[in-house]
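To keep things clear, I will list the structure first and then write my remarks on it.
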């Protein structure tokens, strides 16, 4: 239940948890309401990896073995589960809702309790397949590993989490005597049962703090002192591993009175990667948006969205303003991309490649206000990127600030067809107009040049795309009154 979507550079729906933390919004929720963009990078790891880490710190976890091939099943059962008649087969993806997910091959559910004789069959149906859940989107995520676990006889399920709280300037432990479902549902059904225990970051967790948490969990069979020790071990892991989130749901009790972390979600602060090399080596890039992986490799702040206007901006605030004004004029941003104040020409090239590689992008808006970032560096990066990729969509550029004249000269002498904007508002209007004009003229222009059925303009040569740019610029110039109406084409 606690598995969540990968949260690298994205909001990834942790807002609800933050709302239960006392005081002001937590570090988990420092995001834009308009676009749900979070400026914090947090490593997310698989369930089997989290279980291994918790076990290392003395936390009770179910016995489990991960496999990557169905051929491993018989040997694993013989060696690790010789007396089991049933096992839990769990697909490993960085997304929540696995149990209710559907594989693209038709298999319903990413978690199954099956007889040991059926484990290999289910592993074969899961491994190498795409699992679609409520958090993955329609494209789903690949299942490259399956976690085989003991089937536990659980008699009680609780909720436990450790997050960061700005109000108390430290960690806060959240606990609820009810578990096994989302914290949102718990808050709605049992608001009075959720407790929050802030921990002094300087003194660390005390026995009194842990006891308050255990009282909130209200275990039915487990020994209270044992539970207190488990809470302290979880807090110890949170601090020593540089976690930003530990969420265990359910934190359960077995029939023999043992408290067990039955399923957990762990996130880690990317700023601590230099001292958590073992943890960060667990990163699974196959579960991440490839655009975000490429951006991270170039040290760019990028978040993929679902719009059609690609944005390249310097500075997070200006990037957010650009996205907002695009939306104001009726467009939708395809991404959040902040190249920063010290971006090199190579980083600009990489940023441009990421934008042009996105098939959803139908126009690109570059909005640079040069302070530390110099306009000529951006311009050179755009020109060099254009030499390496074919540009088949309108390019709108607004430059202002340091070396702006030099930047504009570089773009002008490049021979590229660029729609220059006077200011941010003008840039956004042009981008939206270009997008709409693209949609209208593309099939007509394609038919006129090729005499074929209408196909996307991107299917044709850069010459054809350039001609489209010329038509668009003519349209914009005519609209602004720069051209004599008598020179306008008929129809």
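Each residue, glycine too, has its Cβ placed from N, Cα and C.
Taken from TrEMBL, the feature ATP binding site covers 90, 97, 98, 99, 157. For 249, 263, the entry in TrEMBL reads Mg(2+) binding site. Look at TrEMBL and you will find 314, 371, 372, 373 tagged as substrate binding site. For 51-277, the entry in TrEMBL reads domain 'ATP-grasp'.
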At the level of the C-alpha atoms, what whole-angstrom distance separates residue 98 (ATP binding site) and residue 314 (substrate binding site)? 38
Have a look at the binding-site residues (97, 99, 371) and report the one with the fewest Cβ neighbours inside 10 Å. 371
Rounded to the nearest Å - Cα separation of residue 263 (Mg(2+) binding site) and residue 90 (ATP binding site): 11
In the structure shown, which of the binding-site residues 157, 263 has the fewest Cβ neighbours within 10 Å? 157
Other than 314, 371, 372, 373 themselves, what residues in this chain have Cβ atoms within 8 Å of the centroid of the substrate site's Cβ atoms? 315, 340, 341, 342, 368, 369, 370, 374, 401, 402
372, 373: which of these binding-site residues has the highest Cβ count within 10 Å of its own Cβ? 373
For the domain 'ATP-grasp' (51-277), mean pLDDT (0 to 100): 93
Recorded substrate site residues 314, 371, 372, 373, farthest C-alpha pair in Å: 10
Could you round the CA separation between residue 314 (substrate binding site) and residue 99 (ATP binding site) to a whole angstrom and send it over? 41
For residue 99 (ATP binding site), the spatially nearest of the binding-site residues 249, 371, 372, 373, using Cα atoms, is 249
Fill in the CA-CA distance, residue 371 (substrate binding site) to residue 249 (Mg(2+) binding site), as an integer in Å. 47
ATP site span - longest C-alpha distance across 90, 97, 98, 99, 157, in Å: 19
